[in-house]
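Heads up, the thing below is written out as structure tokens.
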Amino acid sequence: MNYSTENVSSAALRKRKTLKKSINFSIMIIGESGSGRSTLINTLCGGNSIVPTSSTATQDPFTKKLTLRHENVELEDNEGHKISLNIIDTPNFANSINCDDDFKIIVDFIRHQFDEVLLEESRVKRNPRFKDGRIHVLIYMINPTGHGLSDIDVKFLQHVNNLVNIIPIISKADSLTPKELKLNKELILEDLNNYGINFYKFNEYDYEQDYIDEEIIEYNKYLNSLIPFAIIGANEYRSNPNGSEDEDDILKLRILNKDFKPIDIDNAEINDFTILKNVLLVTHLNEFKDITHDSIYENYRTEALSGKQFQYVNKDSAKQEISESDYLMKEEQIKLEEERLRKFEERVHQDLINKRKELLERENELKEIEKRLLAEGLKFDENGDVVKVHEEESSENEVKVI
């Protein structure tokens, strides 16, 4: 194979190198049992990688505790860009009478990911294999009750408010009539605004940029009009009868069995799933990541380094207090250490000068004493005692001293 510059340009090499790197993207999906979380995950990933918890339940669901289930799926778009999609599922969410423990587990997990990044940033020598586990999007599934948010919905969303990009969706939207769905969306939006819940609003982040694309603005206005997204998941996949392996054809054949009648869930007229998937994995993926790092994490980091006591969450969700000094920037610590060492060296150097000066003064004093003793016919013996000397010895010593 010829690898000359005529066949392989530097731009092509850079593109190949870029395509080899996967984009790390993390989504947490929250919903009560039976809300269709597993179905949504399987539809999002294009396969049955998740077994619904309801199908494996053998005990009273109210005795089960919340667990965080992690799934990783490698996806690739038409241009060859790879996405390492990390999905955190939440089986048994809100199964207990008191849901505070469930809220705490999820909030602790989200905060822990921030703490891990904060600790990594504070290290002088960073880990090149460090994996960023921050949650970029939290999809909250709302049951299709025909009403607004439930008390559990409100309390949980208030717990995670300002900690993550929240996207509310109505699950199993096909159980509502178009009129009921429209009313349900209006009531949910009203509750979100009344309770001060900051759900994700499309394009607010982009408006801060110098360049504004009118087409993008219109598209984002359209997306905002769909919130909360109405989703219908798929529990069965059928191959294309024409034998085509084209992904677009396969997508159109995803169906949901409802009263034994198949529903094409990729039809945007009755289902927002295709739009939601495109938002998550194509059009707004980088925006979710940027907001998570530049806005949400920076606010958390500022609070953590502001001098206030806060809670560091370890992997076991046990908490321990950490003060500001534990998060001092390493550069500041190094400067303080260098200053301390410099002062210590100066003190040692000055002590040596003083000792040398004292020794010289003592030596001169001894010489003067010795001269006076010799003049009087005396001297120091080996024990340091003063004794008389013979006259000739005294003369010789006087000559030596002179």
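Note: Cβ is positioned from N, Cα and C throughout, glycine not excepted.
From the options 31-38, 143-150, 239-246, the stretch Swiss-Prot describes as region 'G1 motif' is 31-38. Residues S175, S395 are shown; Swiss-Prot lists phosphoserine for one of them, S395. Within the set 14-21, 54-61, 318-325, the record from Swiss-Prot flags 14-21 under the feature motif 'Basic motif'.
The phosphoserine entry in Swiss-Prot, when matched to the candidates S306, S394, corresponds to S394. When Swiss-Prot is compared with the stretches 77-80, 89-92, 361-364, the one noted as region 'G3 motif' is 89-92. Following the DSSP three-state reduction, the secondary structure of L176 (GTP binding site) is coil. Helix, strand and coil counts from DSSP across the region 'G3 motif' (89-92) read 0 helix, 1 strand, 3 coil.
A C-beta separation below 8 Å, combined with a sequence spacing of at least six in one chain, links K179 (GTP binding site) to none of the other residues. The most crowded of the binding-site residues listed here (A173, L176) is A173, judged by how many other CB atoms sit within 10 Å of its own CB. In the region 'G1 motif' (31-38), the DSSP tally of helix, strand and coil residues is 2 helix, 0 strand, 6 coil.
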